[in-house]
Amino acid sequence: MVKRKVGALEKIDANLSNLQYKIRRDPTSYKEDFLNQHSQYEHQREIFLQAPSSATDDGIISIRDLIDFVAHVADCYPQDTAQFPQDLMNILNTHHEELEPELREKVVGSLVLLRRKDIIDSPTLLHALFPILISTQSKSLRTLLFQKILSDLRTSNANTTNHRLNRTIQTVLYNLLTSDRTSSKGLWAVKLTRELWKRQIWTDSKAVEIMKEASLADNEKVVLGGIRFFLGGDKEREELEDESSDGEAVDMGRLKHQMAINKKNKKKARMMESAVATVKKKEKKKKQPHPLNFSAFHLLHDPQGFAEALFSKHLHNTRSKLNLEQKLLVLQLVSRLVGLHKLTVISLYSYFLKYLTPRQPAVTSFLASLAQATHNLVPPDVLEPLVQKIANEFVSEAAAAEVASAGLNAIREICTRQPLVMNDTLLQDLVMYRKSKDKGVMMAAKGLLSLYREVGADMLKKRDRGKEAAMGLRSGQRKEQRFGEEGVGEIEGLELLERWKKEEREGQRIEKGLPAEKGSEESGGEDEEDPGDWEVDEADTDDSVGWINVESDKEIDISDSDDDKPAAKKAKATSATSKVDDDKENAEDQVATAALKLSSLATTRILTPADLAKLQELRLSASINQQLPASQRKRAAQQAAALQARHADDPLTAAEIEGLASLSKKSTKADKIALAKAGKGDESVHQSTQAKRKEKKEALGKSTTNKEKARKKNFMMTLGKGKAKGKRSLVEQGRVLKAHVERSKRGGKRGNKGK
């Protein structure tokens, strides 16, 4: 056998690896060997620094291996390697453009390794890498440095938040953006801040201020990075959190099914225990209160000044270099700021006038932005010209169905936020489009009608008001809303929450087998065990029978003095007037009772975030159920759940303005073919229906049938049964067939027929 010749470099590499292992075990015994290699490193470094660009391959490999060796054992000899980190930083700062890529990567990796060994701290490492990140022209080096910086920040904030390091880096990024607003270097501050925000490492207002300065920069790329952060940064963070929680999902039903049908062993038992522990941990995590975490919009220090600066610099300025698509992003951000914080930027609404035409590109996005920028503190006379122009340009008999639907939806969204912008004549004209043959136009007009039945029924004709709105106007419950009016101390729909809590309480008592609550009807469903019910003595007095009508001036006589009079004559005399009076008194009593219930629930109980979320859901369900017949209540509940998913901070999209316009479009042949192919799998693999069902069952973890198992059984194992069948007599054969018929009648061996 011929002995393989080992090269000199391979020998050095092998010796360094072996020496590194020995030094880690016994640093004192091998100190002389380390000093020899360290002096070799210094010698190679001096030779390399004299001519970095003309270094040979052998010299590059030698210094790379020595740098790696010294970095791994530097913590064993801290005094001898005190200057080693600074040497690496000098090489990287001075010659990062000339270094060979592998050597450059090794230097950066060695610095990160020294940081992990706590030989250098995070600020030192980041101050060494960040200037190179924003100045180098090498794409590979930029990618490497960005990953290392991001990884170090994540590691430093893993166990607890490192506020000192975060403030230092945030100050560096902030100064980078404000020092030169025209430079593209600020893009790295945007990328770094957005990534750390998405991973919930930076969640404070300082990070939002960095992105605010980026949005007000002069470089187009930096501006768009800041704008997109505000429009989508919170959504990215939620999606990342959902992905991390979904990764731990365990199908308990499948595991239990497999444990029931397969052979039991210790391995499967351990798998089952592990799955149960994972599910319990996940459920416990779900029940924990969510940490207080504000969105980027709520952490802004001066939203009014930010919105005005954005509008004046990027939209109102004629020298702005942004194109229409980029301006539309800025407009969406400004409108969301105005609508969310109820800001006052009057010049913004006149800016929309020239874009509200059907021929305008992306006109639905402009309509959505206008609706977002509307709130109840915007003067109605500012919005009236805009609504009138939308009605004139979009909603007409000559306009296309998609155009009319988008116009009506936009008007409805605007009027939802500021109902006073509509006048009687225009409203009655728009409501007439509910008789349109197009479904999108009809639904949009009905939505506008339903809105004003709630907020301005007096503006509608009597035949359009509906039963609930007409009764509310007649009883005085629905009053005309004034500009800037806010309900103080009133929570809409609180009686719905009270009723729901009562039903839940009764359901729990029934499940436990306990009797119904005593006095539940008299008390109006109040929780007797509620710790917030402090006035127990006053509520449980024997003198109080029901609600006391303190507004009535008449004295109720409950004496028996009228018993002597004929009852029939008395009934005839009072039957004509009693009905009207009773109806009025019942309506007034209902209003008074509701007010008392509201005040008692609001003042004796602290509503949790879960209660408020349920209250919003109940309000939406009630508002939809009032407008639909009983046959459509199930569909109404689904719509309420869909509306509940939309948060107050969520944007209004162009798709919501378009509404059902997509349904009115006739599908082309290509669309139908694409829709048909969407439900099919890979056509290159041809399988029978039975094979597809089998794959589906195997994917769900289900077993095969007894017939399928018998088909796959070894032939020698079936010989005994076959011989026994052949030896049966006629009497025994008849008995077996009769038993088979009876068993099939009752549904098989388990008798599950009809279940």
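The backbone N, Cα and C atoms fix where each Cβ goes, glycine too.
The compositional bias 'Basic and acidic residues' annotation in TrEMBL covers 504-521 (among others).
The feature compositional bias 'Acidic residues' is assigned by TrEMBL to 523-543.
Annotation comment: TrEMBL describes 676-685 (among others) as compositional bias 'Basic and acidic residues'.
Here TrEMBL flags 696-708 (among others) as compositional bias 'Basic and acidic residues'. Helix first, then strand, then coil: DSSP counts for the compositional bias 'Basic and acidic residues' (696-708) stand at 7 helix, 0 strand, 6 coil.
Positions annotated as compositional bias 'Basic residues' by TrEMBL: 746-755.
The annotation domain 'SDA1 N-terminal' is assigned in TrEMBL to 69-437.
According to TrEMBL, the feature domain 'SDA1 middle' maps to 547-679.
Averaged across the domain 'SDA1 C-terminal' (702-747), the predicted model reaches a pLDDT of 85. For 702-747, the entry in TrEMBL reads domain 'SDA1 C-terminal'.
Among the features that TrEMBL reports, region 'Disordered' is placed at 463-486 (among others).
Here TrEMBL flags 504-588 (among others) as region 'Disordered'.
The region 'Disordered' annotation in TrEMBL covers 676-755 (among others).
Per DSSP, the secondary structure of the region 'Disordered' (676-755) breaks down as 49 helix, 0 strand, 31 coil.
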